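TrEMBL lists B:16-151 with the feature domain 'DUF2157'. Under the heading transmembrane segment, TrEMBL lists B:49-68, B:109-128, B:135-164, B:176-194, B:199-217, B:223-241, B:261-281, B:287-308, B:320-337, B:374-390, B:396-415.
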Amino acid sequence: MSRLRAILLLLAIAAQLGTLAYMVADKEAIIRHGHTVYLRTLPLDPRDPMRGDYVRLAYSLNQLYPSRLPGLQGLVPARRGEVVYALLRPVGDGVYELDGIADRAPESGVFLRGRVQAEAVAGEALRVNYGIEQLFVEQGQGIDIEQRQRGEAGFRRSMEVALAVDEQGRAIVTGYRWAPLAISVSPAPEIDGAAATPRLLVQLKNLADYPLAVVDNAEHCGVVLTVVNRLASSAAAPCGRYLVSREDIIELAPGAVHRFTIDLAHRRWFVDGGDGLQDVREFAPVSSLRLVYRSPAALQEASAEINLWRGELHSAPFSLRGFE
Amino acid sequence: MTSDNTKPWLRAEIAQWLREGIISDEQAQRLLERYPSTPEPVEYGGGKGVFASLGVLVFGMGVMLLFAYNWAEMHRYAKLGSIFFGVALSHGLAALIKDPRVSSSLHLLGTMLFGAGIWLIAQVYHFSAHYPDGFLLWAMAALLMAWVLPSLSQCLLGCALLTLWSAVEVLEFNVLHFWALAVLLLLQLPWAYWQRSPLALTVVLMLLALALLVNSWHLQEGAALLHACLLAAMYLCAEHFSPRMSWSGCGSVFRRVGLPLWLALMLIFSFADAANIVVQLDGQTGAAAPLTWSMLFVLGAAWLWVLLDKSLRPRSPIQIAECALLLLPLLVLAAISGGVHKVGMIMTAANLSVLAYGVLFIVRGTSSLDRRQLVLGCGLIVLLVGLRFTDLFESLLARAGVFLLLGVLLFLAGLRYSRQKQRRLQEQRHV
């Protein structure tokens, strides 16, 4: 082998090792110097032939609806492949949620750098990926995670994914934990032998080993009914901006459950898909629905003395057909 | 023509003409001098090297799957360290070992472990960015090694990964992606020529066709068939340039890849549905039109060169017939792209092309006592008649007639082959 060829070979080998080293160093820098945030997810369980089992992670910030989010209307139509920045705000216990969207990196705060995967057309969501949508696990663990996430004894809890986020908004998944609050939705027991309307039994359970508080009132303003993959949710009225009173706060001891029943025939649970309020039985007779428990923002300052659970908790999807 | 393996036949014929007094000894000598070289045999590399490379590939895949299990108990630094150590050790040992085969295999193992490293890093850091980029990185590493060493196995790995990268970009991410095509054409085709490697050239030509098919399909539905046809015609045209090249053996490789592709496409175009797809393409303003016309232009220029250049021009009747068989469907496709919307034209040209190729193979097979060509020719004609059995001949009488004709043709082919063989045996006895 000639001297020149030997040098070129050495460079080619160095390029291989250097590429791998660069990839590792880049990620390690984010882990070491990045800000740690937790995002709540809805995982699934596929497998990658090259990298083994992984849990596909879906975040609320993957699907952005222009009408719901500050900053997004100016960005739409963002083209596929364009870079966008999801601004995050803390909701407590290290958990962050989406606060806005921008086309330039903010000068401060925590934000994620993402790329548009699908443009928003005709009222649909803008789909954005942040490179944090996969969690690789040891073979077999993916199914365990999925089963746990679906719910133990019908109670679904959120997986909270730990991310290291650097100053440029690049993020790496570093781990996960389970939210301490779980939700269950099931057909309510029939009264006097027959139910005239679809009624749901909603249960919130404290799975932590410490007391936890949730909010609820007569109108169940802490809960919203949404139609999966459609921009439609139950009416804000009569709750409006839910201002929580002290009586609405329910403290749950470890393992305790708060139960209430809702009647979907009631106007409170009518959904607005853009054409005014409609009975969900007519609007989405076969679509999947979710109940979302949301801790009201108005309480956050006054809740220092109680351990109020904050953020959003999505129920498992259900269909009205299952309740008829 | 490298493919015209006529020397044994020519010797027998010249001996016969001498006996019959048609030509003099001097003329016979001049005729033999006119066709001095037999085609270069196509060598596809040693078996040992191929098996060693396959072993390394399988071993590398095993390492990938081992890491794909994702050992939760193993710290990420241990995983990463083992892959770094593996890459360095493989290349290091390869540099120390003198045996070129073992050294090449170890370098290939190093590149396989580099690929495993890319996926391992993605796994360790839960990295879900655009994953085809992993194939690109891996392909570039393999191709770099292919050029530096040089190594056939690294070239094949790199080309395969490059095509996979392009296919994933097109099929999964719906992105038009001609980069792999450009790299194959501009880097790996010259590499195969530089290394005089029939295997590398065969693989590159096949992958070029595959990458073009995938992209053309994405560009405009139906354009893939047309572009594949034009590419096959380019390969067959390239064969004619081989006498001018320093590696004349490359001509037979172009033919080995181009001819099966061409015949397969002619068989496809003999169906109305396939012909209709091409007719419905908008040749003037469709998304695939620029590529179609570019290919037609290059092909037209190349054929014009072949026909005008005395040293490249086909001479024997068989060579002329074969050129006509190529040019007829091409002219039809050009006319269709130009706006002549006739399904029947394509079907007729395709049927005629397959039929004529069948006859051509039979003539060649019986003349040069090449049993393979004879079987291929008979097989093509039987296949064509079988395909047309349902969609062309509705009358039972017509079907019966066609089968009778086919039977007679096959009988005559067998008879001619047998007579040629007897004559050759008699000549050998006289000599």
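Cβ coordinates are placed from backbone N, Cα and C, and glycine is handled just like the others.
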Long-range neighbours of the transmembrane segment (B:49-68), counting only residues six or more past its ends (CB under 8 A):
79, 83, 86, 101-102, 104-106, 108-109, 112-113, 115-116, 119-120, 123, 152-153, 156-157
Do any residues of this chain, six or more beyond the ends of the transmembrane segment (B:261-281), have a C-beta under 8 angstroms from a C-beta of it, and if so which?
209, 220-223, 225-226, 228-229, 231-233, 235-236, 288, 292, 326, 329, 333, 336-337, 341-343, 346-347, 349-351, 353-354, 357, 380, 383-384, 387-388, 391
DSSP helix, strand and coil counts for the domain 'DUF2157' (B:16-151)?
100 helix, 0 strand, 36 coil
Counting only residues 6+ away from its ends, which parts of the chain sit with a Cβ under 8 Å from the transmembrane segment (B:199-217)?
44-45, 152, 155-156, 159-160, 162-163, 166-167, 170-171, 176-178, 180-181, 184-185, 188-189, 191-193, 223-224, 226-228, 231-232, 235, 250, 253-254, 256-258, 261, 288, 291
So if I exclude everything within five residues of the ends of the transmembrane segment (B:287-308), which remaining residues of that chain have a CB under 8 angstroms from its CBs? That is, six or more out.
216, 219-220, 223, 226-227, 230-231, 233-234, 237-238, 240-241, 281, 314, 323, 327, 330, 333-334, 337
Average the per-residue pLDDT over the domain 'DUF2157' (B:16-151) and send me the rounded value.
81
